[in-house]
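As given in TrEMBL:
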- B:3-350: domain 'CstA N-terminal' (DOMAIN)
- B:62-80: transmembrane segment (TRANSMEM)
- B:86-109: transmembrane segment (TRANSMEM)
- B:161-180: transmembrane segment (TRANSMEM)
- B:192-214: transmembrane segment (TRANSMEM)
- B:226-247: transmembrane segment (TRANSMEM)
- B:259-280: transmembrane segment (TRANSMEM)
- B:292-312: transmembrane segment (TRANSMEM)
- B:332-355: transmembrane segment (TRANSMEM)
- B:368-516: domain 'CstA N-terminal' (DOMAIN)
- B:396-418: transmembrane segment (TRANSMEM)
- B:439-456: transmembrane segment (TRANSMEM)
- B:468-493: transmembrane segment (TRANSMEM)
- B:500-518: transmembrane segment (TRANSMEM)
């Protein structure tokens, strides 16, 4: 084993330890703040979802034609949304579950 | 006695409390069951509800509950001698705080991780929800008032700490922007932030900032009061800024400071082998000093038991608990961590500040001097421990001041943010729509009421009023804990388990808090304190209301438990 190879392995090991420490640090100190940001993003998504689904709530949506394109993007997490809103299953068959 | 001996004795007692008493609570009182899935699994959404490793969750929980409060209370309370303060911190942590923090997590987990406010309505009764809001309102008002005074006093005593604290604001914003824009890990920027902050301490020593030149000697415009006004202006603005801009990156710096400060105290005590020079019981206190009984139990709230922890336990921690048995480690051990901070404060103020007993008696000559100088005493004590490790003492004192002020400033920022919501919710209940719908108006109310309280003495004997304000803060904190313990006791009783471990701290807290409120009320009326007397009276009414609600709820719970004993079918009110 050469001295250079030994040093390289030591360096790799130190980098691995550092990365592990960095991950632990992110989990410990950063993740709880990230949750706050995700919560805020989710709140805004919910507002947008409500606006897009106004017609299903019986309210006229004057820009329904323009916002139709955005609906597919919100279908993906529609199931998660109605469960979070307290309904384990969503009304009409074929909508999501 | 060498301070390290005290550390070892308390360490052993905390270990025994965790090992045996929390084990008893887990098995017999809270009946933890790892086969029962927690809300983090059943309601998993990747945002609020997410199963989290127990060590990480402990880190989240501890950094959320630890702040300046467990430092200030014991720093005042050692006025009566270190014996009563230490006994209350140790006994309170083991038999009250551990039961409370641990129990709040468990009850919340068994009720779909609902917050203690919602649980109060569900478990105790609808009226109790209003009671909860009012107690939290006064708690936050007094938190903001006392921490403004704490920072004001520290700025006056340590003008070298002003510049580092001012520079910490753009530093934190810069770190936040860097992490946000580069999407890099927070470790290196946070560490750089801590190092730069400590470098600014040297700058601060070269450029101390004092308002003595523009302040009056006494009256309303004392140096401390000008700082207090400036702090509330800052807090009003800071609390309107999105959390990720300032509060979040400053928390990265503060979290590191928390661990650095704990390390400095532990290592400093070990290396310096300092001796406790304060008396076990202070027999040289002036005859007209307030009595330690029952005021000790409201002077030290955080560090012995703190109702604020139930808000964190049920608000966020319970939503991330991977399995029920983790509640013991996170909740009970979190309380032990807070008790350790209080122990650090007792050590700093009894072994760190001075070398002789006579000097200690000079620093704690009367209650006014003790309460006014409490935080400075802690700062000087920690400075001494840091000096034991080779840091120049003058620099070390500024370091300790920066740590405490950073914690207190973050507490004020968070306190005003929370208070805005409480003001809006109360305004909604009493139908004052302009307030409930305006963030600015509710923010102004959240800032102006504590500002008036903080300025109340108008200079002069400010210290005495600070001590009293601190005790009033303690009473609201203990009432919040009382409310949470009531919820836990009702739940334990309904499930036909022995609630004695919860009832003893509940009754003790309620009796001591009510007693302290009556004691203070008599003093306020005798001294014609016509702002503090009504405030004390209102909190006293809340305490009586709490006793009535808790007694009624417990009576109902015993009835439910008796009915269930004859009926094997569980009812909606029992275990969920």
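The chain as shown is numbered from 1 upward.
Quick reminder: no glycine exception, Cβ is built from N, Cα and C everywhere.
TrEMBL labels come from automatic prediction, so no person has curated them.
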### Query
In the same chain, who gets a Cβ under 8 Å from the transmembrane segment (B:396-418) while lying at least 6 residues past its ends?
67-69, 71, 136, 140, 143-144, 147-148, 150-151, 154-155, 157-158, 160-161, 164-165, 168, 197-198, 201, 204-205, 231, 235-236, 238-239, 246-247, 250-251, 253-254, 257-258, 260-261, 375, 378-387, 443, 446-447
### Message
As a quick check of your reading of DSSP, tell me how many residues in the domain 'CstA N-terminal' (B:368-516) are helical, how many are strand and how many are coil.
### Response
130 helix, 0 strand, 19 coil
#### Entry: For the transmembrane segment (B:226-247), sequence-distant contacts whose Cβ falls under 8 Å of one of its Cβ atoms, 6 or more beyond its ends
144, 148-149, 151-152, 155-156, 169, 172-173, 176, 180, 211, 214-215, 409-410, 412-414, 416-417, 420, 439, 443-444, 446-447, 450-451, 454-455
### Task
Would you report the average pLDDT that the model assigns to the domain 'CstA N-terminal' (B:3-350)?
92
## Note on the structure
Outside the transmembrane segment (B:161-180), at least 6 residues beyond either end, the same-chain residues with a Cβ under 8 Å of its Cβ set are 154-155, 186, 189-190, 192-193, 196-197, 200-201, 203-204, 207-210, 244-246, 248-250, 252-253, 398, 401-402, 405-406, 409
### Query
Are the transmembrane segment (B:332-355) and the transmembrane segment (B:259-280) near each other by the rule of at least 3 C-beta pairs under 8 angstroms (pairs 6 or more apart)?
yes
### Query
Considering pairs 6 or more residues apart, do the transmembrane segment (B:62-80) and the transmembrane segment (B:332-355) have at least three CB pairs under 8 Å?
yes
#### Entry: Intrachain residues whose Cβ lies under 8 Å of the transmembrane segment (B:86-109), provided they are six or more past its termini
6, 10, 13-14, 17-18, 21-22, 25-26, 29-30, 32, 38-39, 65, 74, 77, 115-116, 119, 123, 296-297, 300, 303-307, 309-310, 313-314, 317-318, 321, 324, 327-328, 330-332, 334-336, 338-339, 342-343, 346, 481, 484-485, 487-488, 491-492, 501-502, 504-505, 508-509
